[in-house]
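To start, the structure under review is shown below, and the notes come after it.
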């Protein structure tokens with residue numbers, strides 16, 4: 001989790017990415033030459049923007065590699081394949097501007113993809129690379145496997161749109177809080193398809209009664225009284241499938257394909273934000289390039305006659321610490337807390353993020369105190385006349401004593417003059 005990609009040569013990142021792929025999946029079902037061409041072309045199609053570049057894509061893939069290596073039973077092989085490749089390709093051809101900018105500037109991409117504009121483009125770039133001669137790393141997969149992996153890669157890449165994270169987080173939190181989350185529960189697995197908003201894709205790949213099963217999940221017909229424990233105390237099959245083992249087996253086969261889609265999305269978000277959980281020295285260097293990219297967008301917005309938000313305004317660099325506190329506490333920490341509850345092996349991400357958040361809070365507090373101190377000094381300078389008034393407590397002689405001395409001196413002078 002603490003690997004530092006900064007300073008690693010570009011081709012060394014390619015070699016390491018290939019190593020991670022082979023370590024996870026081997027070469028039995030993958031052509032090595034195709035893998036090398038694919039990885040090199042992925043690197044080439046990351047633009048030279050300050051942050052969303054090849055280094056970022058590589059770093060996210062490395063974080064996903066770590067999660068998969070430490071939780072081998074959490075995802076199925078094809079899911080792992082989609083997660084890793086999706087992580088490596090998730091920001092292909094990123095322009096250094098966000099979706100909001102694309103929409104407001106009427107970018108051609110925004111005309112093609114009205115939601116998750118950049119993420120759809122990143123997936124399209126991934127498919128385009130796979131279609132190049134000698135680049136299809138999935139060439140040895142069956143037709144069904146290929147469709148499944150490609151569809152899952154799409155969902156993984158779209159999950160990196162932070163707008164997708166919040167509804168997914170709310171749904172998982174609800175299940176966890178109600179203590180109804182169960183990985184071994186058939187209804188939950190199929191229900192995730194519905195909850196994630198991905199039912200249309202997967203239903204399109206199902207036929208006959210399997211497709212009807214998904215429709216019944218949507219209609220709320222799975223999980224009714226018929227499915228609850230009977231008199232014997234054993235769980236009954238849904239009424240529509242009672243005594244029909246063929247349909248139940250088909251349903252179970254279908255559920256395997258959708259198992260973990262929601263947790264995949266959360267894992268993608270967590271890996272995309274991995275810089276927030278890195279050791280402090282890596283965090284600081286990464287934040288520098290993140291804000292440089294933000295400021296470049298802010299400059300473009302100013303050039304277009306618009307006012308950028310403070311986080312993207314280079315005239316407000318003093319707000320960086322506050323921005324980081326808001327980002328880490330509002331997005332990163334909730335993400336890692338949720339992922340930790342689902343995959344406890346990801347605790348280092350949670351602890352790393354919390355440590356960085358505490359440091360940013362301290363920096364923000366110190367800046368606030370410094371600004372308050374400067375403000376008080378400036379206010380004091382504005383009211384200062386430059387004249388020091390008499391402080392009688394500090395004087396050896398009081399005003400009255402001096403007055404008496406003056407009177408005695410006057411009397412003696414008058415006597416000396418004979419007056």
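Positions of Cβ are set from backbone N, Cα and C atoms, glycine also.
Note: TrEMBL annotation is automatic and uncurated.
Since the structure is predicted, the reported quantities are computational estimates derived from the model, not experimental observations.
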Checking feature assignment: region 'Disordered' per TrEMBL, candidates 218-238, 239-259, 302-322, 323-343. Which range matches?
218-238
How far apart, in Å, are the two Cα atoms that lie farthest from each other among 52, 53, 54, 55, 56, 91, 272, 324, the residues recorded as binding AMP?
23
Cβ neighbour count (within 10 Å, all chains shown) around residue 56 (AMP binding site):
23
Within 10 Å of the Cβ of residue 91 (AMP binding site), how many other Cβ atoms can be counted across all chains shown?
25
State the Cα to Cα distance, in Å, between residue 324 (AMP binding site) and residue 52 (active site, proton donor), rounded to an integer.
18
What is the separation, in Å, between the Cα atoms of residue 53 (AMP binding site) and residue 90 (Zn(2+) 1 binding site)?
10
52, 90: which of these recorded positions has the sparsest Cβ neighbourhood within 10 Å?
52
Position of peak Cβ density within 10 Å, selected from the binding-site residues 53, 55, 324:
324
